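Read through the structure below, which is laid out as structure tokens, and then see the notes.
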Ligand code: SAH
């Protein structure tokens, strides 16, 4: 494991410049129109920023001198500030960023032979209070701006390109999962704007099957999402009945399972090739029994879905424990025997706490700063595969 840190001022960054980093092509065209510029200028700037990683307008040499000067005066291209970077022995890398307002967020890079996934945060903290989630303990602090969301991908791509570590798969990042801190559907507009940039050929050109939004189940926002994009959808189901789900994912009280699954079906628009990924955290003795698997089969009967079992990542003070490997294998086989595609997520980057909210938690939650929690993780012996859309 290697760690690099930089000094970060505690000053809150205040800027009245327009941050072009977070503007989608459409928004940039609108902005350039207000400046009296042709729309192709927006496309040129988009390419400089995202495809070339250039932040200094002076280097955007195909723009006129006067436009460059005007942009330097009124605009900026500013990604969140890196606080630290940790690389695990398995190559998983985690960046901790300082965002405007002073909070910290995390971004995790997961390299594999055939692909490289970036796990991106959408909020500082989270308001949803899922009982097994460390981010929940930090409470909600703020929505990230679209610059802060796309800035995580921008930083990863720019740095990995410089390092040249992606040669085998031809591009630094192939997949993005909105599975970092926060509930992306509660920061709807900024998340959608950032995802537009992820999919834009002039920016990152990711396939819509390779950008996954994970939600705890904000039903009206799932319907709204369907109107504006069709990225892959993952849903944090975690329980096969309302009583248990409300205990684990309290938003279930507002949007119970039937409503959630109906929204999932609507999201797929009868496209037979697509499925919703159902995330299911494996909590020992809580939701991991054969009867839970059988209930799950029943509720997923007519929902085109695949199940992604996530071994629980323990953290300091949690009342839950990770299910045993035997329980996970048993649960997985019951689902698979019923014809449900089921994968168990491989744990990655254990030596750098590269799991949901853990590192940023140490910064945002001052009481835990010095108490670095040591995970005691059993070695995974079950059939495993990392699944990201
Ligand atoms: N708010 C979004 C994104 C959350 S993080 C959502 O709820 O989907 C992505 C996934 O990690 C979610 O399925 C979340 O429930 C799960 N998760 C959170 N804490 C976890 C933990 N301690 N161990 C394992 N999975 C966890």
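Cβ atoms are placed via backbone N, Cα and C, with glycine included.
Note: TrEMBL annotation is automatic and uncurated.
Taken verbatim from TrEMBL:
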ACT_SITE  106  active site, proton acceptor
DOMAIN    112-350  domain 'Radical SAM core'
DISULFID  119-356  disulfide bond
BINDING   126, 130, 133  [4Fe-4S] cluster binding site
ACT_SITE  356  active site, S-methylcysteine intermediate
Could you check what DSSP calls the residue listed as 'active site, proton acceptor' once collapsed to helix, strand or coil?
strand
With the Cβ atom as the reference point and anything under 6 Å counting, tell me which of the recorded positions (106, 119, 133) are near ligand 1.
133
What Cα-Cα separation, expressed in whole Å, is found between residue 119 (disulfide bond) and residue 126 ([4Fe-4S] cluster binding site)?
16
Reported as an integer number of Å, what is the Cα distance between residue 133 ([4Fe-4S] cluster binding site) and residue 106 (active site, proton acceptor)?
15
Would you mind reading off the Cα separation of residue 106 (active site, proton acceptor) from residue 126 ([4Fe-4S] cluster binding site), to the nearest angstrom?
13
Give the three-state DSSP assignment (helix, strand or coil) for residue 133 ([4Fe-4S] cluster binding site).
coil
